[in-house]
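Asks: Grabbed the feature section from Swiss-Prot, which reads as follows:
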ACT_SITE  Cys409  active site
DOMAIN    624-779  domain 'MOSC'
MOD_RES   Lys247  N6-(pyridoxal phosphate)lysine
MOD_RES   Ser732  phosphoserine
Amino acid sequence: MVEYTAEFTAEEQALIDKEFARLGESTYLDHAGTTLYAESQVLSAAQQLQRDVICNPHTCRATGDYVDQVRYRILEFFNTNADDYHVVFTANATAALRLVADHFDFAGDGNFHYCQENHTSVLGMRQLVKAKGIYMLTKDDIELNVLDQPSTPAPAAAATAQANSLVTFSAQCNFSGYKMPLTVIEQIQKRGLQQLGKCIWSAESQPAAKNVDSNYYVCLDAAAFAASSPLDLQRFRPDFVCVSFYKIFGYPTGVGGLLVSRRGAEVLRKRFYGGGTINYAYPHTMEHQLRNVFHERFEDGTLPFLSIVELLQGFRTLERLVPGRSIERISRHVHGLARYCEHQLKQLKHPNGAPLITLYNHAGYEDRAKQGGTVAFNVRTNTGDYVGFGEVACMAALHRILLRTGCFCNVGACQHFLQLNDETMDAIYKRAGRICGDYFDLLDGQPTGAVRVSFGYMTRIQDVDRFLQMLRNSYLVIAKPQQRFSFIEQQAELLPKALQQRAQRLRPRLLQLAIYPVKSCAAFKIDSSTGSWPLTKQGLQYDREWMIVDMNGMALTQKRCTDLCLIQPRIVGDQLELHYAETSCSMPLSLSVQAANSARCHSKVCRQAIEGYDCGDEVATWLSQSLGLEGVRLLRQSAQRSAPGTQQQQLSLVNQAQFLLVNRASVRSLQFEESLDETVDRFRANIIIDTGTPFEELTYTQLRIGDILFQVDGPCQRCDMICINQRTGERSPETLTTIARMQSGKMRFGIYISRLPSETDDRLEQQQQLTCGDVIVVS
């Protein structure tokens, strides 16, 4: 059993708690986003502003002295000095990365390399760098360069190399909290890369496949790392270090820094200049001269001098609240909390033994050198299905717990840990329309992001326990999704505005309608792009209103002719079009037009006699040629038909009920190699929903879709028709055998439902419709 060992004394903890008493009943667990500022810190900053006259450093030398004092404190914080590193103030860590991208001199033939698991700001550098090639490195590619790694050594970078290459990676991943071994820095600088990585772009038709003749420079994104881990620049000497001070102190925002080594300074070529970055410039010629002092050359315009001066209070507060090697102690504290949290999450299990949590990390939580104070995960149901991170965010918010969800601006780590291939990424961002920062959390049941908790020096063990209890209460005690949805909906007004919209989307919704105008042929689909479809007393308008019969007048089905699934009906305007391969035919939708020009015929559907109109020789000839069958005809139902045993439920040419409903979550549980859409098509349902929980639909007795109430008539008993791939006509037995295995020998999949009559049916029948996106309420 992993226990948390307190890092702070009782007196220290009491002092820290007093500084953050404003949290009250709230629990703050997003220190990777920003840590919190202490009360005395901002009071001291305000007192200094009241006491001192701090004006533009171009005007007042005293302000410049304050700023220089802050530079000294920053260098001291990272255990270095002004002889080895320059401090350039920027707006934030992103601006520091941009500064490097803008000004790094690749000397023609150098390459830009970046780690896959990086903040999007590093991806943005690709748009600016003037490199010969751009390469993506995985975490493992970078770790091949660890000093004690037994591998074939890369040739040392030539002393006479003319090109300069830049390697950028995070000291700590802001998604998972994994810490990169910093010993790779010196190895890369001296010997280049063992692996160049995957070429993303190249100016050459044949990009380099091995280490090139180049000087190698390292840019370290330390924004997440420096907030709670000591970065010793005497021991590890990256050429560029990007930091964000609000992540360390909580206040002020709007100021970051770029630490540049003497070596790194030699390859930054300043082009733009502004404000106090020059000794002189002539307006009538191009002549100008940059400042001699390095940081003065790169700090364009007036610095945010008030914010910079307030950093002094941040350093002082940290040293006062966590005395004696502050950042080292903070590192031990947050790692201990993360280790405890991760262990407790592993213990959370459903009654059937299934784990509640899937964790995302590379190396576990035993080694502080490899893992920071961050835990990323997703919640799962007792059947192994994922709970959307948006729902978890809502539950946390209602328990007054602040945490982070999504991809955390680290889409590369998201792609790696969630195992999203490029095709899935396209489906998420291009087809489904997800954007960074939204609450689009599941696509076909698979997560598009995660939940993250991260800890700071003011985080207490009680905060972690409260978070863990929230998960237990929400997902182990309240196991049914409908109960959770009701809990969230009842308190939705208490949620932040960004989450209120997500709360409205928790209930399952109607995803798709499928109309089968011609019995046993392909579906005509209605989804969110096409909107709504009318209802009649028999079901969806035009559903199974036509059928193909053989020369004996018997209904033709896919059991006898699998090619029927390749006939694609389309309803276009006032016409029904039938398409097969490259050919097509059409006929009017109007029943009166068809009846006036057609002969009456009789056939049977499921042993019931039906009456219809023959649709004529033209379509019959087309069907015969398409299917390769003689004597086939197309009939259209002409009279109402009732379900067996009832005079109330009117049917089209369906086998048993007005509607067949299938849950995509249930289909996903079958886990076939074909696409989910292909498997859904096998079941030939009219109404497709996605509850997130497999086979939940089998427990329904009634449901309301939009404003329309339905009753459940029972489960659909399946036959070998579902073995036919509806896109190819090929047969395979896996679908039926899998269902039989999962349902203990029962061939049930999907449910039959019928619309309950209402007082307005006769008056408003033409206005009754189902709309994709309608909320589904189960009773």
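Just so it is clear, glycine is given a Cβ too, placed from its N, Cα and C backbone atoms.
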Asks: Same-chain residues six or more away whose CB lies under 8 A from the CB of Cys409 (active site)?
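Replies: Residues satisfying the criterion: His119, Thr120, Ser121, Asn174, Cys436.
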Asks: Under a three-state reading of DSSP, tell me whether Lys247 (N6-(pyridoxal phosphate)lysine) is helix, strand or coil.
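Replies: The three-state answer is helix.
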Asks: What mean pLDDT score does the domain 'MOSC' (624-779) have in the model?
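Replies: Average per-residue pLDDT within the domain 'MOSC' (624-779): 83.
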Asks: What count of other C-beta atoms do you get within 10 angstroms of the C-beta of Ser732 (phosphoserine), across all chains shown?
Replies: 14
Asks: At the Cα level, what's the spacing in Å between Ser732 (phosphoserine) and the residue listed as 'N6-(pyridoxal phosphate)lysine', rounded?
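Replies: Cα of Ser732 (phosphoserine) to Cα of the residue listed as 'N6-(pyridoxal phosphate)lysine' measures 56 Å after rounding.
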Asks: Please report the number of other Cβ atoms within 10 Å of the Cβ of Lys247 (N6-(pyridoxal phosphate)lysine).
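Replies: Excluding its own Cβ, the number within 10 Å is 25.
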Asks: In terms of DSSP three-state secondary structure, what is the assignment for Cys409 (active site)?
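Replies: Once the DSSP labels are grouped into three classes, Cys409 (active site) ends up as coil.
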